[in-house]
Amino acid sequence: MAARKLFLLSGDGIGPEAMAEVKKIIAAMNKTGAGFETEEGLVGGCAYDAHGKAISETDMEKALAADAVLFGAVGGPKWDSVPYEVRPEAGLLRLRKDLALFANLRPAICYPALADSSSLKKDIIEGLDILIVRELTGGVYFGEPKEIIDLGNGQKRGIDTQVYDTFEIERISGVAFELARTRKNHVTSMEKRNVMKSGVLWNEVVTQTHKAKYSDVKLDHMLADAGGMQLVRWPKQFDVIVTDNLFGDMLSDVAAMLTGSLGMLPSASLGAPDAKTGKRKALYEPVHGSAPDIAGQGIANPIAMIASFAMCLRYSFGMVAEADSLEAAIAAVLDDGLRTRDIMSAGMQEVGTTAMGDAILAKFLA
Ligand code: IPM
Ligand code: MG
């Protein structure tokens, strides 16, 4: 069997602490022949400190050559004043763009044990299982022009460009429809066709793609603002939500909080399958950020990072049984009452990052 090549980019803040727990799982799996080969690189503020860039060319090459990239988190106040082009987030955006990771899958699952930690009432989120499919390489994140120009009259103008081509909308909605078929067969597309031309096109292309290839899937359209409202009003009406880069960024943070904590949400960013090998480029990252306020204290929640690795097993290596059992291990540890501080509630046992990681690993191996 060919080695399974993983490139680890832990990044800044709590990234390395969370990644350390995944490394333990990888090491344990290797003992029973999983054959993971890992290499590590720098991204974000730590890469800027080392090379003056948010990611070096060498590390970009390694990311391109890997079967999958595991990504921690980037950024922190230390780098607040570095030039825009080399800010920590630029490393992540470059990886997404250069690896052509257009499909970002962000599942929001409410673990039964955490139904009480959400800011919403229990009956609203209990059993929640939705998937946000966010377009990740287009839209206002990458559209040109993107600049601040001096108008010469004491005024400046900040410009970002929201732009989508037909093929981009087609391929991301295709991913959403395909995934819906493996779930509850329902897609809700969100845009702002009432004010944005890109929203009008988005709506048209999703509708056409549906008609041409996926008419067995139930399709709804919703304006993105109303979608945000519906997400907190009655999230269980959704199965798969497909939306653009910026709306997906915001809506996935909302969805994350439904599940109790931002510390719980994994994500997968996937490219198109290679024409010859069928393999997709892929990057797996927790939705939470670098949380500089709690970094280095050993209290960060490693679950989103571990669950991101479970997605990696599932989507990059087809190790479905292992992914299922890692996800079950997370649920079991929560059932046992173990909690990191962000999800702590009365009567539960508060543990740190390492103890949480160890407990999940023990269940996983049991
Ligand atoms: C995310 C993050 C990123 C984004 C930042 C870190 C650039 O918020 O992955 O959701 O805006 O996409
Ligand atoms: Mg975000």
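Keep in mind that glycine also has a Cβ here, set from the backbone N, Cα and C atoms.
TrEMBL annotations: computationally assigned, not manually curated.
As annotated by TrEMBL, domain 'Isopropylmalate dehydrogenase-like' applies to 5-360.
A C-beta separation below 8 Å, combined with a sequence spacing of at least six in one chain, links Ala291 (NAD(+) binding site) to Gly13, Ile14, Ala73, Ala300. Reduced to three states, the DSSP call for Ala291 (NAD(+) binding site) is coil. Here TrEMBL flags 76-89, 289-301 as NAD(+) binding site.
With a 10 A radius on its CB, Arg106 (substrate binding site) counts 24 other CB atoms from all the protein chains. Here TrEMBL flags Arg96, Arg106, Arg134, Asp225 as substrate binding site.
Other Cβ atoms within 10 Å of the Cβ of Tyr141 (site 'Important for catalysis') number 18 in total over all chains. The site 'Important for catalysis' annotation in TrEMBL covers Tyr141 (among others).
Annotated site 'Important for catalysis' per TrEMBL: Lys192 (among others), in sequence order. In the three-state DSSP scheme, Lys192 (site 'Important for catalysis') is classed as coil. Sequence-distant neighbours of Lys192 (site 'Important for catalysis') (same chain, 6+ residues apart, CB-CB distance under 8 A): Gly199, Leu223, Ala224, Asp225, Phe247.
The Mg(2+) binding site annotation in TrEMBL covers Asp225, Asp249, Asp253. Secondary structure at Asp249 (Mg(2+) binding site), as computed by DSSP, is helix. Sequence-distant neighbours of Asp249 (Mg(2+) binding site): residues of the same chain at least 6 apart with a C-beta under 8 Å from its C-beta are Arg134.
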Quick one: largest C-alpha distance among Arg96, Arg106, Arg134, Asp225, binding substrate per the record, in angstrom?
26
For Gly76 (NAD(+) binding site), write down the residues of its own chain that are at least 6 apart in sequence and whose Cβ falls under 8 Å from its Cβ; none is a fine answer.
Asp12, Gly13, Gly45, Pro88, Ser290, Pro292, Ala295
So among Asp80, Arg96, Ile299, all listed as binding-site residues, which is physically nearest to Tyr141 (site 'Important for catalysis')? Use the C-alpha atoms.
Arg96
Find the one among the binding-site residues Arg96, Arg106, Asp253 whose C-alpha lies closest to that of Tyr84 (NAD(+) binding site).
Arg96
Sort Asp80 (NAD(+) binding site) into helix, strand or coil using the DSSP assignment.
coil
Roughly how many angstrom lie between the C-alpha atoms of Arg96 (substrate binding site) and Asp80 (NAD(+) binding site)?
22
